[in-house]
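According to TrEMBL, the protein has these features:
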DOMAIN    86-258  domain 'Ferritin-like diiron'
BINDING   103, 138, 141, 206, 240  Fe cation binding site
């Protein structure tokens with residue numbers, strides 16, 4: 001690794017026996033040599049460097065076998081215990097499982113919204129595509145969290161998923177839409193209201209998901225798990241903020257385009 005320049009340094013045990021071949025390199029201390037001496041201490045080594053054999057340069061103590069005697073570094077023989085798990089607290093494991101459930105629930109709702117807007121009497125194909133893609137994205141997030149759980153030596157526990165509604169109009173506005181004289185309302189008004197409310201609902205879900213992710217991050221901080229905190233930051237938080245901004249823009253645009261052709265044009269934008 002180093003070119004031989006005439007000066008030599010050798011590793012030797014306290015008994016004087018050579019550990020390895022003589023190594024040589026150019027010395028920054030004029031023509032003096034750097035001598036590395038190794039002394040056995042327990043099951044480790046004390047390594048020090050000297051210039052001209054008089055002035056110690058540095059000292060490093062590394063006793064690997066003593067370190068391995070720590071209980072949290074031993075390898076278990078029990079088949080039900082993860083070999084990869086290290087400094088992964090139960091609270092962190094539970095938080096990841098909860099977030100998996102959040103992602104699957106949101107994915108389930110988005111899939112139901114896809115089915116709703118794909119109906120022949122709604123026929124908003126752009127919005128159907130948007131929610132289908134959103135559903136798949138949330139499911140991918142859940143799978144990414146599941147993979148991470150396995151990497152850290154945790155156990156994935158899938159909780160129950162809440163059944164989503166099949167209708168997505170607002171309760172108060174729905175009363176107007178489904179009142180005693182629904183024929184007085186034009187179909188274009190109906191589509192516009194449902195379209196706007198569906199985007200508002202999606203925005204609320206994305207904010208809720210972001211809130212849950214921030215909670216997972218705080219759990220990682222509380223348990224002094226910087227790797228888990230970095231995983232949540234790098235894989236989820238930035239994307240979540242960008243999604244919130246995108247859907248916020250959609251809500252604002254829907255409030256501007258109005259009914260009729262505006263609804264169709266917005267739907268075409270999502271489709272293409």
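Cβ coordinates are placed from backbone N, Cα and C, and glycine is handled just like the others.
In sequence order, 240, 243, 244, 247 are the residues near residue 206 (Fe cation binding site), counting only same-chain partners six or more apart with C-beta under 8 A. The record gives 103, 138, 141, 206, 240 for Fe cation. Within 8 Å of the mean position of their Cβ atoms, the other Cβ atoms in that chain belong to 102, 106, 107, 137, 209, 213, 236, 243. When the neighbouring Cβ atoms lying within 10 Å are counted for each of the binding-site residues (103, 240), the highest count belongs to 103. Cβ neighbours of residue 141 (Fe cation binding site) (same chain, under 8 Å, six or more residues apart in sequence): 103, 236. A 10 Å cutoff on Cβ-Cβ distances gives residue 138 (Fe cation binding site) a total of 23 other Cβ atoms nearby, all chains included.
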